[in-house]
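Step one of this worksheet: look at the structure below.
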Amino acid sequence: ASFTISLHKADNTTVMIKLRPGVSPSCRILMKSVIRSELEVKPGENVTFTFTCSTPENYFITEIQKNIDCVSGPCPFGDVHLYPPGLPRLNRTYIWDVKASTKAGLELKFSTSWLRQIEPGETCPDSVSYNINSSIDMATVNIGTFCRNGSVSRVKLLGGVVMSLQLPWHLPLATSGFNIANRASIKRLCIIESILKGESSITLMSPNYPLGFPEDELMTWQFVIPPNMRASVFFHNYSLSNCERKEERVEYYIPGSPSNPEVFKLTDSQPANIAGSFNMSLQGCDQDAQNPGILRLLFQVVVQHLQVDENVTHLVDLSKEKNMTVTIHLEGWPSHTPLMSEPICLICKDPRTCDRVLTLTSGAVYRISFLCKDLSRLRITAEKGIGCMDIRWCQRKIYSLSVPKAITRLPVRLHKFIWKLLATDLINVEIMSPSLKLQQHVSEQRCNRSYSYSIVSATPETELNVGVFCPGGSIEKIQMRNNITISLKTFGKGFINETIPQDLKMSFVPHIKDECTFTVSPNPKAKVYLQTPNWPYGLPPYISISWFIVVPSKQTARLGFSKDRMGITCETGRAYVNIKEETPGAEETVRREDELLPQPRNMHHNFWVNVSNCKPVDKTQLTLQFWVTFADKQIDLGIILAVVAGAGVLTVIGLSVYCVKKKKKTQNPMVGVYNTNVNTQMPGKKGLFRKGRQNNESHVYAVIDDAVVYGHLLKESNGLVAPEVDVYRPFDGPIGSLPPSPPPFSFRKDIKLSSNPEEEPLPLTDADQDTYTFAHQKSGQSEDNGDANKKVKGDTSMPLLENKEQDGLVE
């Protein structure tokens, strides 16, 4: 098909058809047997041409430029038409270059669809876009790029204007969509009018965005707001230039304001909940010539209906709080930023200071209100810091880690409350839950409360995620080294209505040996699961963790591990599991990473479980889980019979002694001589006491209790029962409250440790003990073992005679 372009000279219009950038010249323009790659039609020319391909829109674009002189001649007011007609169906760009004096600016008025400003690089959905540039003398300022269907109804510019319209080849648009409405002196760079209808949100940018607002310029936005609506301004992206004189600022003319214009810095919270139409102006400054900087602004104006409850205020009293911030925000903040087109929720700390995010600080009292149809979209995140730099001032102080009532009373769901506990290297943190206790969240025992605590211990080298805990468990306290972060996180709306009060407290304690120590006091009927911190990623290298398990007096605990081995191989050092009951003479069970973990076993007293990590060979770290159950102590029938028999024997002995006393009262006292040369040892049983009792006097007693006579039966009961009778036991020294000490790191890091079990010392067993011999006093040991009824005398020079002489008996 052939095309004809005819231009009148008075139209002052030029048409250029040229290749699209980056496209190979596979298609050409044919005019009078001459093949061309471009075509220019000037005013007064008449040109006929064809294309050498059937799809010229893939290769060519058209630019139509019209020059309009409003300085030396009359200005063509009214609608601006698309001229000339009959152009080929190519992507078109119409450019109107209007010359005007700076004393008489131009006003461009847009049709009812109006315009919507977009950021540089953004495209319009229908591919129709307008670009407006202000032309002052030789300088050009880009006012902005706009799409159709927006709120911008008029633009007034100082001086001339260069207006461009881009149309796609397939859209047969018949009108430009704007007209030159008027000439008026505005004494500022430009004025942009925006008419908002109903609930809406618009985004606008300063001229030349993001390159920078012209130096020492002034521009204004005029916003027309419907009655019974409220408007709020939010600055989303801005930067400041380096001013030599004056100051960059924003000025507002607000109806009914007693201080028009209201002046704000760009860093301030901007006015909100504005009733009625208002103006907003941006004023630049004189910039530093050497380092001018960039002044730019991208902001949003939100219009919404008048809220019924906007006058309802909520008191938030933080006057007695210290080091605390409370932030009210939309759900998902800050990782999820709401789209500007989404319905907006505003939080106001006074009628004109509102924002999507409001932060309150401790030491003040606030009265806040909400401009939001759906408060369920809002959340509260709070943070409180507690520090200790000197243990002398902190050690006896107990801090309550509970959410203040000022927060729980708000009609907004608490999302997270964070306590940051800070201390020096020699001060550690103890977390307690005296009445509720804590339950560790594990796969076998999940938390089902409306909230939980996440505890993290942080050092400059590593971060240890201690675990997730909820109230209603068995953990009484947790002692940790280093700085601690405790995060209370809520689930659902139940936290506000939680009937059980919060019971988490903390205090600062002196330095502890392990990285973390748990004190566990389970319910006698419960089965408790415990696992190492940093689950499931594993303990960091060379970390030691301890658990102290409290066993009720009439209960027996059963301890078991959830797997057979630790499941790691050490590159440096050794990993250990240590188990020890807190009782005199208790054996310590130790297992290395290359050994099987202990089988389930019964524990009759409070006991320690210690886990110490090495540096593993591969990325697999040490993860360990164990469980504890309880059962009532039961006495074997054999023990009961033995005790009854013993009582019977003692009764017979008592009657015999009574009869002897009665008889001897009627006889003359006999004189007896103690002969030290007489051999009182029974013949024929020399091999019975392997430790040589005739030499060490361990068989000599001041008082013999009947339980001692049958004490060996207690050891034959498989350790399942602890009878309700006092039994003499060896005393190995005082037992403290510290966990069993793991091997020193210097030993654990020794890769050359022998793996031959024959070179390892075997654990002490019952076979290595003399079950027939009672321990005598050791050198330097106290004479009193703590039981006033069973004393081992340090002086055994007169065995068994001391009490008898008091009765007048000499044998």
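Each Cβ is built from the backbone N, Cα and C atoms, and glycine gets one as well.
Note that TrEMBL annotation is computational and uncurated.
Here is what TrEMBL records for this protein:
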DOMAIN    79-182  domain 'CDCP1 second and fifth CUB'
DOMAIN    188-291  domain 'CDCP1 third and sixth CUB'
DOMAIN    315-403  domain 'CDCP1 fourth CUB'
DOMAIN    413-492  domain 'CDCP1 second and fifth CUB'
DOMAIN    514-627  domain 'CDCP1 third and sixth CUB'
REGION    755-811  region 'Disordered'
COMPBIAS  770-783  compositional bias 'Polar residues'
COMPBIAS  802-811  compositional bias 'Basic and acidic residues'
Closest-packing stretch to the domain 'CDCP1 fourth CUB' (315-403), where packing means Cβ pairs under 8 Å, from 79-182, 413-492, 514-627: 413-492
Counting each residue once, how many in the domain 'CDCP1 third and sixth CUB' (188-291) are helix, strand and coil under DSSP? 0 helix, 53 strand, 51 coil
Per DSSP, the domain 'CDCP1 second and fifth CUB' (79-182) contains 0 helix, 62 strand, 42 coil
Reduced to three DSSP states, the domain 'CDCP1 fourth CUB' (315-403) has 7 helix, 42 strand, 40 coil
Summed over the domain 'CDCP1 second and fifth CUB' (413-492), the DSSP helix, strand and coil counts are 0 helix, 53 strand, 27 coil
